[in-house]
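A short write-up of the structure that comes next.
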Amino acid sequence: MLPLSLLRAAENSPMLVELKSGDTYNGRLVNCDSWMNINLKDVICTSVDGTKFWKLTDCYIRGNSVKYLRLPDDVVDKVPEDDGRKFAGRGGGRGRGRGPGRGGRGRGRGSGRGRGEGRGRGGRGGRGGRGGRSQS
């Protein structure tokens, strides 16, 4: 089960969010996006030391500031199991063996038909100039 699918299944459920800063937010999950940015409603925010409390109608929490999330146990039962076979058989081969994978090696430069006048260090003419033909 993926964390994002678990979070999406928890919409309209109460949850606790602790930030990396130590602040905690208790509220109902309105929605979340693919970066785990979270919208909560009917929120009670608690300071790090636990002495200050704020009641908020709604709040937005950026995903990369979240330390952990606490969800009700019944949310876990709602999420369908993902067996990981969703992408089996798709795409080309990768790694060693089994052929070229994505597109093969291609022709490259100078390996086509013709008189060997492609780019490179040159055939009969030496290092510079125009490849295989000498200028005479």
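Positions of Cβ are set from backbone N, Cα and C atoms, glycine also.
Just so you know, TrEMBL annotations never went through curation; they're auto-generated.
Here TrEMBL flags 2-75 as domain 'Sm'. The compositional bias 'Basic and acidic residues' annotation in TrEMBL covers 73-86. Positions annotated as region 'Disordered' by TrEMBL: 73-136. The compositional bias 'Basic residues' annotation in TrEMBL covers 93-112. Positions annotated as compositional bias 'Gly residues' by TrEMBL: 123-136.
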What mean pLDDT does the predicted model reach across the domain 'Sm' (2-75)?
94
When the domain 'Sm' (2-75) is classified with DSSP, how many of its residues are helical, how many are strand and how many are coil?
13 helix, 38 strand, 23 coil
